[in-house]
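Here is what TrEMBL records for this protein:
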- 7-152: domain 'N-acetyltransferase' (DOMAIN)
Amino acid sequence: MTEPGDVLVRALTPADLPALERMEIDLFEAAAWSPESLASEISGPGRWYVGTVVGGELVGYAGLWFDGYDAQVMTIGTDERFQGRGLGRRMLDNLLDRARSLGAAVVLLEVRVDNDPAIHLYESAGFERLGMRRAYYQPGNIDAWTMRLDLRGQEEPA
Ligand SMILES: CC(C)(COP(=O)(O)OP(=O)(O)OC[C@H]1O[C@@H](n2cnc3c(N)ncnc32)[C@H](O)[C@@H]1OP(=O)(O)O)[C@@H](O)C(=O)NCCC(=O)NCCS
């Protein structure tokens, strides 16, 4: 049994799509993935998508893609009302545990250069800036940092 204030991180299912679509628009606005993209992402090959549930409500989500060698953080988002409470870090840790258990060599991601909360989160998890992709995000031609976390030599947590 979960209590009303309990925080649960679990795999996403198609039943989560309506809540996911709402959060995606709220968090990413004009750059939001379409409902079709979200649906194919959460059950696509090599994908691992988790959601955070608080008091029975889906309030966060994050996804990883593993191509057999490297892993890529596809997205991460926490409902604005629940940001700053450690949920983003918890979901990122979940993805990184998954990447380690899959045997990924490195984890890659892109992040808007003006996204200070996300950059802070990634750097505090050990990601380093690798390079810049000019005009990567549309609309607006916003540049992206590419970031990398090298998992080689890291032990899988017991
Ligand atoms: C990035 C995001 C997922 C972080 O989620 P969150 O649940 O707030 O994350 P956490 O509470 O675990 O905080 C993670 C770190 O970010 C920092 N942080 C949170 N909000 C911040 C802000 N507004 N400014 C600067 N740092 C911030 C926290 O201080 C924390 O670091 P700390 O533990 O050293 O204090 C969230 O801000 C979000 O959903 N943003 C919109 C979607 C987005 O841009 N996603 C990333 C796409 S690449």
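Placed from the backbone N, Cα and C atoms, the Cβ positions cover glycine too.
Per-residue pLDDT, averaged over the domain 'N-acetyltransferase' (7-152), rounds to 97. Residue counts of the domain 'N-acetyltransferase' (7-152) by helix, strand and coil are 54 helix, 57 strand, 35 coil (DSSP-based).
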